[in-house]
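Colleague: Here's a structure for you.
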Amino acid sequence: MLYLEDYLEMIEQLPMDLRDRFTEMREMDLQVQNAMDQLEQRVSEFFMNAKKNKPEWREEQMASIKKDYYKALEDADEKVQLANQIYDLVDRHLRKLDQELAKFKMELEADNAGITEILERRSLELDAPSQPVNNHHAHSHTPVEKRKYNPTSHHAAADHIPEKKFKSEALLSTLTSDASKENTLGCRNNNSTASCNNAYNVNSSQPLASYNIGSLSSGAGAGAITMAAAQAVQATAQMKEGRRTSSLKASYEAFKNNDFQLGKEFSIPRETAGYSSSSALMTTLTQNASSSATDSRSGRKSKNNTKSSSQQSSSSSSSSSSSSLSLCSSSSTVVQEVSQQATVVPESDSNSQVDWTYDPNEPRYCICNQVSYGEMVGCDNQDCPIEWFHYGCVGLTEAPKGKWFCPQCTAAMKRRGSRHK
């Protein structure tokens, strides 16, 4: 898991390279601008003194002015080529970043399916600023969750801590307090329902699908999992700012070092049909599944199908009332639908290619009919149908000096020249 470190090492020299190239580009821009100002002054003087001097002097001055204009034009073309080189440099680093992210996501998904979506959403929630209240929330009485840390009025003027530190400390304190409460309550025995998992069931104020912590492991309670998440956030808070991927990696390492087995079960979102009537049923089914997984001595993970869930719940709760048994047996179809909706692991992610794939709508250039990449050179013929060419396709290793024409335009110009002769 060294993708982040390798990429940071790769772009370590990028700011200095960009600064040097932008400085050179600025110097060339000033040079072109000064040359244009001098040429305008010379042109005005030329027209003022044209009638007073001989035709030979006028032709000589005219040729000199045209020569200086062409030199300024070449400098401007060189400045444009430098800008294209800067763009290609940044574009190569962006493509490399996309490739490394795809590889990292594939490795995470191979070990724990669905974990990348949760970690990415958590990172976005931590980094995104608090949004203003819109009309939907203004009319509804649901309070809008604010993730920004609000210091007390007594210390507001004295403290100047960054906003990201506020968010990390707020989340850390919340996770630690939840973990202490759940560890104090605990689970009395293996046959009792897992009451420590109720804090992570479906939340009515979240429209998005939240990760069901109750199904993460069979031997560890939600308190230990919360403590692991708190340690991950604390490790992330100690890192330097600007490394957003560190939070994702720290969270993954915290779960991995504590030997937590991440499941594939997600809690359903608000928009699913029958949410208000089946939320209690989902809570009961989740508790029965976790209690039956705790009761199994072999330590194997509990299956998410309907048969094993109903058999284990009936065997573990033989002394319970007949109403709960009839509830579980009559809702088998609901369990199947929920399990299908809750598994948010698209097959396209697992089968997606790691290599960068180009957009089919991206324009094609060069004689090879490929997209723009690397260093390219433009044909100075305004009517050229292709216009841009890769260095390797036209046999160039460096930027040409002066005007350059592609092989097709060069051949066409030679044919026209031979016809005129």
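Glycine is no exception: its Cβ is also placed from the backbone N, Cα and C atoms.
Pulled from Swiss-Prot, these are the listed features:
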BINDING   C366, C368, H390, C393  Zn(2+) 1 binding site
BINDING   C379, C384, C406, C409  Zn(2+) 2 binding site
COMPBIAS  286-296  compositional bias 'Polar residues'
COMPBIAS  308-323  compositional bias 'Low complexity'
CROSSLNK  K148  SUMO2 cross-link
CROSSLNK  K165  SUMO2 cross-link
CROSSLNK  K167  SUMO2 cross-link
CROSSLNK  K256  SUMO2 cross-link
MOD_RES   K181  N6-acetyllysine
MOD_RES   K264  N6-acetyllysine
REGION    129-163  region 'Disordered'
REGION    286-323  region 'Disordered'
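Neighbours and distances for these, please.
Modeller: C366 (Zn(2+) 1 binding site) carries neither a helix nor a strand DSSP state and counts as coil.
The number of other Cβ atoms within 10 Å of the Cβ belonging to C406 (Zn(2+) 2 binding site), over all protein chains shown, comes to 23.
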Colleague: Report the nearest neighbour of C393 (Zn(2+) 1 binding site) in space among the binding-site residues C379, C384, C406, C409, comparing Cα positions.
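Modeller: So, of the listed binding-site residues, the one sitting closest to C393 (Zn(2+) 1 binding site) is C406.
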Colleague: Cα-Cα separation of H390 (Zn(2+) 1 binding site) and C406 (Zn(2+) 2 binding site), in Å?
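Modeller: Here the two Cα atoms are 11 Å apart.
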Colleague: Name the residue among the binding-site residues C368, C379, C384, C393, C409 whose Cβ has the smallest number of other Cβ atoms within 10 Å.
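Modeller: Looking at the binding-site residues C368, C379, C384, C393, C409, the Cβ with the fewest others within 10 Å is that of C368.
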